[in-house]
Amino acid sequence: MEDGYQNKTAFIKGAKDIAKEVKRQAGKKVGRGVDKMTDEYSKRSYARFEEDDDDDYPGVPGGQDSGYYRGDSQAANDDEGGHSDSTEGHDEDDEIYEGEYQGIPRADSSKAADSLAGGDGQQFRDMAQFEGERRKDQEELAQQYETILQECGHGKFQWTLYFVLGLALMADGVEIFVVGFVLPSAEKDMCLSEESKGMLGLIVYLGMMVGAFVWGGLADRIGRRQSLLICLSINSVFSFFSSFVQGYSTFLFCRLLSGVGIGGSIPIVFSYYSEFLAQEKRGEHLSWLCMFWMIGGIYASAMAWAIIPHYGWSFQMGSAYQFHSWRVFVLVCAFPSVAAIASLTTMPESPRFFLENGKHDEGWMILKQVHDTNMRAKGHPEKVFSVTTIKTVKQMDELVDMGGDISTLRCYKLKLTSLFHQVRSNFLAIFNPEYRRTTFMMMAVWFTMSFSYYGLTVWFPDMIKYIQKQEYASRTKFFTKERVEHVTFNFTLENQVHHQGQYFNDKFINLKMKSMVFEDSLFEECYFEDITSSRSFFRNCTFISTLFYNTDLFQNRIINSKLVNSTFLHNKEGCLLDFTDDNNAYMIYFVSFLGTLAVLPGNIVSALLMDKIGRLRMLAGSSVISCVSCFFLSFGSTESGMIALLCLFGGISIASWNALDVLTVELYPSDKRTTAFGFLNALCKLAAVLGISIFQSFVGITKAVPILFAAGALAAGSFLALKLPETRGQVLQ
């Protein structure tokens, strides 16, 4: 064995010398081509060393004499030998690992260089051959992996992972609702204009769009678990910061980065969980997992209901720093994400990811853990994991011999550049001829579903608010040409319009004005003290010898008015919370709570029927019923009617989303799964932004346009869904 190691060492050193010489003579382009082919040539040329060494490591899974299962006589993985970078041995003299870049065989090096220098034809043929071998490996792995999952069974391990990943999905559901719930309070706390409120409402979707695309691509390269931990950590950190920052710009920035963090949760969670589920369990249990998004919405609604209206849960340090109850709510909404991080640290990486990346031993150990955990929980600890060798996918070694003097910073830059190119090539691969039609069809279905669903779910609450305002305005009291002298007002004034009134020597002390309007009125020798106003204005009024002490009646409250010998003392600075909107706030939270809870029946039905009727029938059928339900919106003229229609639409459409999530997971291979899911989810958030912006513009104008838009989009989505391939009963690619 010692002689074999010495021969191998001499062989490797000679190959490296030849590689360097080839790169110097053939130039940069040729050198890069040689680097790409180096690993393949090395493996083929010193395969004899591998055959000799296998006998020196008895008992290690993946040896040449072992099969897929104990007792088999034929090897199942001749190309890879079942070894991984982290467990292979090394030469004790030269510290050279077998997983490292090994150079080019001496006999073939000059021919390879000549071929590359003469043209790219040979390289193209080699790459085509490599891709063909890789695809064959993936097909074999998919079949064997399904058999292994059958042996591992479904039990304690999958249910534990279910609740851990459910917390991450719950955090995504919470994120959707946070800004909508805090906006009524935050707009007054931070003096937001209509444009600023609109941007704050959409910024989370923009962040989630970026996050879904970025984290989805990275999860296929650095791992599902690691990517999910990073994105949840970003979400937790910036959610925490956003509860304390005071300025609008910094709050907007924190919510943007919080959205970028949580954006990766949906594509990673579904891909991660699917790789632990056998074929007959996959559709059902992925649908059960969707329930945590609903639980996130219920959690956000309940916390908003319990916390935000309690204005006493606040403190302030002068007028510069204020911490009101809505900031406590933002802080509490970060808890699911923190809990998900703590739980996820106890779970392993996806074994399918390891096997797709040539790491046999790591994948084998995790599958053994799954098997043993389930068997012990079922009372069969004596059952032994019979798999000894698992097929791994052929890898292209892109490492280059960079010499010993390279700096650490330069090394990191090269690694990041390599990672970027890998993610980019993986993204472009989903538009290859093999997946192009599927990708474009899925893009259309995701876009139409998201456009109609998010557009309507935001339009419903806005319509309810509009109906409330109309009803409130119908109760407005009007006073004309009244004359009031020597009267003290120390009670709340609400929902009144005073036109051409005259007020002499009157006092307005310690009161709240809500929706009060004074037009063309005269105030002479009046006194205003400790006034808090909301949607109250003085238009074209005249103030003579009037004193304002500790009020917020200035600037935008007094419009086109004359001030004669009048004084403002100790004005209330900044924007103040509206203490009179308690009932409206409770109604908003209650409506959101009911709308979220209404999806429970749809979740249950979709989970029970997903594996029985198929993904396409579930998706198309739910979309058609949702489309029909849209036409009932024209009958929603009251507040209770709109709430009922909101619950109906949410309960029906959730089945479409569950089917779409399962279908997306199963249509793409494991090495492209989160990349494709992340891209489609990013497109979903873009469609959500467009749908919300368009549907909101028609509130109070017409119902016909939103109804036609939503129904048309759902009809188109259901038609296109039927053109997709059915994945029920298929192994995970």
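Every residue gets a Cβ built from N, Cα and C, even glycine.
The feature region 'Disordered' is assigned by TrEMBL to 1-93.
The compositional bias 'Basic and acidic residues' feature in TrEMBL is assigned to 14-24 (among others).
The compositional bias 'Basic and acidic residues' feature in TrEMBL is assigned to 32-49 (among others).
The compositional bias 'Basic and acidic residues' feature in TrEMBL is assigned to 80-89 (among others).
Under the heading transmembrane segment, TrEMBL lists 159-186 (among others).
Under the heading domain 'Major facilitator superfamily (MFS) profile', TrEMBL lists 161-728.
As annotated by TrEMBL, transmembrane segment applies to 198-216 (among others).
Non-local neighbours of the transmembrane segment (228-249) in the same chain are 168, 171, 175, 178, 190-192, 196, 200, 211, 215, 219, 255, 257-265, 268-269, 272, 320-323, 327-328, 330-331, 333-334, 337-338, 340-341, 344-345; each lies 6+ residues outside the stretch with a CB under 8 Å from one of its CB atoms. As annotated by TrEMBL, transmembrane segment applies to 228-249 (among others).
The transmembrane segment feature in TrEMBL is assigned to 255-274 (among others).
Look at TrEMBL and you will find 286-308 (among others) tagged as transmembrane segment.
If you look up TrEMBL, you'll see 328-347 (among others) marked as transmembrane segment. Beyond the transmembrane segment (328-347), the same-chain residues lying 6 or more positions past its ends with a Cβ under 8 Å from any Cβ of the stretch are 160-161, 163-165, 167-168, 170-171, 174-175, 178, 181-182, 225, 228-229, 232-233, 235-236, 239-240, 242-243, 262, 296, 299-300, 303-304, 307-308, 313-314.
Counting same-chain residues at least six beyond the ends of the transmembrane segment (440-460), those with a Cβ under 8 angstroms from any Cβ of the stretch are 591, 595, 619, 623, 626, 630, 642, 645-646, 649-650, 653, 656-657, 660, 663-664, 667, 676, 680-681, 683-688, 690-692, 694-696, 698-699, 706, 709-711, 713-714, 716-717, 720-721, 723-724. What TrEMBL lists as transmembrane segment is 440-460 (among others).
According to TrEMBL, the transmembrane segment annotation covers 586-609 (among others).
Summarising the annotation, TrEMBL assigns transmembrane segment to 616-636 (among others).
Outside the transmembrane segment (642-664), and at least 6 residues removed from its termini, the chain residues within Cβ reach (under 8 Å) are 266, 270, 282-283, 286-287, 290, 294, 442, 445-446, 449, 453, 456-457, 460-461, 463-464, 467, 591, 594-596, 598-603, 605-607, 610, 615-616, 618-619, 621-623, 625-626, 629-630, 632-633, 635-636, 676-677, 680, 717, 724, 727. The transmembrane segment feature in TrEMBL is assigned to 642-664 (among others).
Sequence-distant contacts of the transmembrane segment (676-698), counting only residues of its own chain at least 6 positions beyond either end whose CB sits under 8 Å from a CB of the stretch, comprise 201-202, 205-206, 208-210, 212-217, 219, 263-264, 266-268, 270-271, 427, 430, 435, 439, 442-443, 446-456, 458-459, 462, 664-665, 667-668, 705-706, 709-710. The transmembrane segment annotation in TrEMBL covers 676-698 (among others).
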Comparing 159-186, 198-216, 255-274, 586-609, 704-722 for Cβ pairs under 8 Å with the transmembrane segment (286-308), the winner is 159-186
- prompt: Do the transmembrane segment (255-274) and the transmembrane segment (159-186) come together with 3 or more C-beta pairs under 8 Å, pairs six or more apart in sequence?
  reply: yes
For the domain 'Major facilitator superfamily (MFS) profile' (161-728), the averaged pLDDT of the predicted model is 83
